[in-house]
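Student: Before I ask anything, here is the structure I am working with.
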Amino acid sequence: MTRLDSIERAVADIAAGKAVVVVDDEDRENEGDLIFAAEKATPELVAFMVRYTSGYLCVPLAGEDCDRLGLLPQYAVNQDKHGTAYTVTVDAKNGIGTGISASDRAATMRLLADAASTADDFTKPGHVVPLRAKDGGVLRRPGHTEASVDLAKLAGLRPAAVICEIVSQKDEGAMAQTEELRVFADEHNLALVSIADLIEWRRKHEKHVQRIAEARIPTQHGEFRAVGYTSIYDDVEHVALVLGDISGPDGDGNDVLVRVHSECLTGDVFGSRRCDCGPQLDAAMEMVAKEGRGIVLYMRGHEGRGIGLMHKLQAYQLQDAGEDTVDANLKLGLPADARDYGLGAQILVDLGVKSMRLLTNNPAKRVGLDGYGLHIIERVPLPVRANSENIRYLRTKRDRMGHDLADLDDHPEADGA
């Protein structure tokens, strides 16, 4: 197992103007980024980064600073598989040459970090790539973008950083991974930390969900305890249906059967046959009830895989005209899946979950939760409830979104579906 340094050391080094190495989850990019605070950018730091990385230097910024500086997305529909939010590239308008040298890029980076800067201080396009970090940092998205901004903020600096992926010295056509990153960090006296450790550190020191109320909910599957939560970022309310003692027989919160269910008004409430959401919710409650211990976490704000109810209905119109569920979203200028599981992970932690068996047919959901310090020991499939109205939708989820759905090829489609 690769030796990692403390988050405290990384924060101190960032504050002192040094670079650090940050590695993400092996199931995600499994790469290490060189990171330093943008306001501490010097020609020497930039030159060092260019020498040992891919050279595609990016500057993660808080969302409010991106808005203030007029940094629009590079593309209206973000198709990056990890959701990295690239904005238009920039150069400082004054005081630099062509913009590509280490000195020029350092000047642009410092200007991006300056709270007094305005959109008029930059030219577009340029040689520096700003990135928009999610509010809430690694607790919302476990990526290098958010990790770098979090480290800058923890160091008492502006929420602006510089990041780039470290290239392998053994194979220059590949990126360096954990063991080689440890050697690199030691050779250059740099701290090596993981995003998982940063998440754990922040979870110990901060809280981003609030438990508001609890009440018993008798259902056809038995009596659950409904625990209501809100987020400090928005007014969206979530509810966890809890059955039994989550701490378990050993009091450790391990091996909990969990379903993280995305809100679906049309399927869960109206019984729409266009999706399988209602039957999945019912099956999850039934499986937890049979287990006698578990959680069905109902995530509001996930309607239509996160695009909202009105956009979902518009997507249905496009599907009726022949588009599939993925292309319908994309035609509306929306991502195929905009869901964020960070708050759900915090709720599960608050409920005492340490490890779980996750009820899902969607492998991406496992990755979305696994990066938050929750150990998923097993993915438990849910029964597939196919019908003539949802069969095309299910096949698209299987073929284009990687869902583990079997036995779909023998079902006929409804006329016009």
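Glycine is no exception: its Cβ is also placed from the backbone N, Cα and C atoms.
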Student: Check Swiss-Prot: it lists Cys275, Cys277 as binding Zn(2+). Then name which of Cys164, Cys264 it lists for that same site.
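Tutor: The one candidate that Swiss-Prot places in that Zn(2+) site: Cys264.
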Student: Over the region 'DHBP synthase' (1-204), what is the model's average pLDDT?
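Tutor: Reported value for the region 'DHBP synthase' (1-204) is a mean pLDDT of 92.
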Student: Which of the three DSSP states, helix, strand or coil, fits Glu303 (GTP binding site)?
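Tutor: Assignment for Glu303 (GTP binding site) reads helix.
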Student: Would you kindly give the Cα-Cα distance separating His127 (site 'Essential for DHBP synthase activity') and Asp33 (D-ribulose 5-phosphate binding site), rounded to the nearest Å?
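Tutor: Rounded to the nearest whole number, the Cα-Cα distance is 19 Å.
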Student: Given the binding-site residues Pro142, Cys275, Cys277, which one's Cα is the least distant from that of Glu263 (GTP binding site)?
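Tutor: It is Cys277, whose Cα lies nearest.
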